[in-house]
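Quick notes on the structure that follows.
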Amino acid sequence: MFRYESLEDCPLDEDEDAFQGLGEEDEEIDQFNDDTFGSGAVDDDWQEAHERLAELEEKLPVAADEQTGNGERDEMDLLGDHEENLAERLSKMVIENELEDPAIMRAVQTRPVLQPQPGSLNSSIWDGSEVLRRIRGPLLAQEMPTVSVLEYALPQRPLQGPEDDRDLSERALPRRSTSPIIGSPPVRAVPIGTPPKQMAVPSFNQQILCPKPVHVRPPMPPRYPAPYGERISPNQLCSVPNSSLLGHPFPPNVPPVLSPLQRAQLLGGAQLQPGRMSPSQFARVPGFVGSPLAAMNPKLLQGRVGQMLPPAPSFRAFFSAPPPATPPPQQHPPGPGPHLQNLRPQAPMFRADTTHLHPQHRRLLHQRQLQSRNQHRNLNGTGDRGGHQSSHQDHLRKDPYANLMLQREKDWVSKIQMMQLQSTDPYLDDFYYQNYFEKLEKLSAAEEIQGDGPKKERTKLITPQVAKLEHAYQPVQFEGSLGKLTVSSVNNPRKMIDAVVTSRSEDDETKEKQVRDKRRKTLVIIEKTYSLLLDVEDYERRYLLSLEEERPALMDERKHKICSMYDNLRGKLPGQERPSDDHFVQIMCIRKGKRMVARILPFLSTEQAADILMATARNLPFLIKKDAQDEVLPCLLSPFSLLLYHLPSVTVTSLLQQLMNLPQSASAPAPSNSHLTAVLQNKFGLSLLLILLSRGEDLQSSDPAIESTQNNQWTEVMFMATRELLRIPQAALAKPISIPTNLVSLFSRYVDRQKLNLLETKLQLVQGIR
């Protein structure tokens, strides 16, 4: 290795990044020189020796008509001397057939020839065609059967001048000091970088492929990996553990052991790109340093020499075997030669040093490389390629995740999706979809009536009707699991575990358990009755959608469920003449039960609804007490008012007696007023009482054929109600929800004017009358 005085003497290309990196690598190169040749290798003034050698090479005459050979040469002549001309060496690497190609010769002739500068080393080697000398193939084939490609490319030894007859030992540098690592160099030392004078061919090849290990200091790896196209230094190249540029990849985590000759060879081979090798890369091969080609313009060499050199795909191929001989020009088909066909843009290639990758990753890279090659071939190919190109593009557009499922698996997924559309009751399972299309049908019907435009046909999803087997669900029960159900549901709520244990007597626990069980049974009855109510409310829609022959069965089923609801409310047991009010009162004590009764009343018959109203009137004070917090009883006023208009006069009178807690017969003793007082102090009770009085008065005035007994009962009830309204204070009287309009005429028949004004003031009827 030489340290050049200026960047112009450097044999690298005119790359600014390489020039900047050269100065940074000087210190590292000095360290490698010390480790290789000893600490005294650079003590002497070797720069003066290098300049002296450079002046000797400048004095060498470049003879254009020099003879190509002087007879037989021995093996040392084939390897070449140390002062042979690099320009002639490169000229002998040019293939004979390519020079005879007329296309290349025309390209060479059309380019302007640069005039060489006198006294400089930058003169072009293309100044004369006689410089391009042919390689003596037969001579090399006979005398050098085992010569490698690098030795094959070396030209013949030129004639020695008068100064070249001297041995190189006369120009040798002074003796160097002993190196602590590899000892001192031989006595006949030569400048650093000078090729060996004598070396046998087998040993030379063996040193290239399997060099002797020399322990050197491993350099620091680069912080960022360099791109594929950029040049890297030999130190960085040697730091690659599994590079494909080496003959034998090093194992991981082991620093490579290379000889100085291999470092110089890797410097030239690592820069090779697939398909092309520029002349500047030839200039970095050991033995070419310091030659006239080092100072030539690299762009000129890339334009002229790069087209004629055979492609060198990788560094290993450059040292393995010579390229195949090109057929003679007369065998070429008409058209551009193969060297011009190679000028087409090539598809991007993947770097070859992928031995460290996973086998699956390497296979993916290979597949991508094949796809890029096929795509490039289809785009740049000639002839009829329309069908093939379209099929290839379709193949590229193909979804990589396609055909991952078998047809059996696809059918299985389709069946699962179709099962969601199979329903015995689409209106219940897909309520919003059905209502949405009902609205659309109504809008379309309105548009047809108006006749604004043509009828629009809307596509509607047809849900298949499938017979669904109904089975009774029975939760799993385990004996001894705290004595409770293992599955919690609405019908079977799970008991919470008592965290606090209090000491109670057996009687208290028994009573509490009875109350708890009774309430739990009531909740279960409410849930079952609510389920029946929802089914009954849905029968109207089912009746409209059903066929004519199916409607009688639906009506019978509806009546049966209505009777079941009434039995659940009244709690009538088999064989019992009159149901007990206790069961109904327990339902009415729960807020959900009161709302449910208000929804059930319109579906019941008149007799059934009247029975519910009678039970409510008899137990109204107790229900008012339980409803003090919820205040849900007013929701029953509207269905009760509608029911009163369908009841006869006898039933209305009986209801009023039950509400006022009056005896059914005149012989019975007069009851206490606590019951009626509680009714008057509640807005629901007072409103219900006024509605009953108004409806009874209408029935009494409209039907003159009423018996005297019924008339007497009605008159007695009216006097009792009027007397109680006058007795109760106005502050204690509740404000009614609604007031009938015929109350003034009703009270005027039973009281005088003074009492009538007092009643009007209490009930705030003045605004309603006037």
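Don't overthink the numbers, they just go from 1 along the chain as shown.
Note: Cβ is positioned from N, Cα and C throughout, glycine not excepted.
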From the candidates Ser169, Ser177, Ser674, the one which Swiss-Prot records as phosphoserine: Ser177
Which candidate, of Arg89, Arg284, Arg304, Swiss-Prot gives the annotation asymmetric dimethylarginine: Arg284
Model confidence over the region 'Involved in nuclear speckle localization' (398-770), averaged pLDDT: 79
